[in-house]
Amino acid sequence: MEIKLLKNLTEYESEKLVKFRSLVIFSKKLRMGKYSLFITLWVLYFVSILLMLGDLLLTELNIYVLGFYALTNATLLYRLFGVCWCTVIFHGLIPLAVLIFMIVVHWFDDLKAFLVSSIVIPLAIQIVLAIPLVLLRCRRDCNLQALLTGIHAHLGLMVIIIYFWTACFLLRRNMAAALLCMLYMLVYLAIILTPHLYGVTRQLFEKYIPNFKRKVKSKNDKKKKKKTKLNPEQAAPSRN
């Protein structure tokens, strides 16, 4: 009985090992190279800077638009420079500075206005919730750390999307500036999701392109066969 159990256990472990190896190979195929990822991120970031400067010039350095770009660049720090003490400090201080600035500027006039409250309230909720999410992340449980990191990232992305809606559609601004802001948002999301988009596009390419090539090849073969049937003299070699 013990020998059979050991055999079953080793077979089970070998199956798990094979599955794990296949998963690792599959993830390597969908993983972007270090240098290609670095170049792609910085090219996209350069495009986003051009769009940002164009929007700021058209809006004459509007404070709401400045706050939007400050928040988006604060979230891009981790993607561009990685996680270190410097990026962590800037990532935490920039949203807090934007919130304090908005409250101080609009304290006596229109803090309760929908335009201001749609920026201040989500940002304040995100900052308050970030404190326990960051402190609980100090525990050594990897699953808990991943869960809390995902919650914090999704909440931050929701705040950015709400702010984007406010900056694009609630502000009275030039149509060209609004279009630049929309393009900037698309580039921003592309920077955030670059590794995932690469994996999805490569998987689709490997799945559908070979089938597409086969279909094109079969169509070309059918056309050649039709031509040979219609013109048998041209298809046959001359005997002279």
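Cβ atoms are placed via backbone N, Cα and C, with glycine included.
What you see is a predicted model, and the numbers here were worked out from it, not measured in a lab.
Sequence annotations record features per position, and here TrEMBL assigns compositional bias 'Basic residues' to 216-229. What TrEMBL lists as region 'Disordered' is 216-240. Per TrEMBL, the feature transmembrane segment maps to 35-57, 63-81, 88-108, 114-135, 147-165, 177-198.
For the transmembrane segment (35-57), the partner stretch with the most Cβ pairs below 8 Å, chosen from 63-81, 88-108, 114-135, 177-198, is 177-198. Residues 30-32, 37, 40-41, 44-45, 47-48, 51-52, 54-55, 58-59, 65, 68-69, 72, 75-76, 79-80, 157, 160, 164, 167-169 of the same chain, all 6+ positions outside the transmembrane segment (177-198), place their C-beta atoms under 8 angstroms from a C-beta of that stretch. Sequence-remote contacts of a segment are chain residues at least 6 beyond its ends whose Cβ falls under 8 Å from one of its Cβ atoms, and for the transmembrane segment (147-165) they are 67-68, 71-72, 75, 118-119, 122-123, 125-126, 129-130, 133-134, 136-137, 181, 185, 188, 192.
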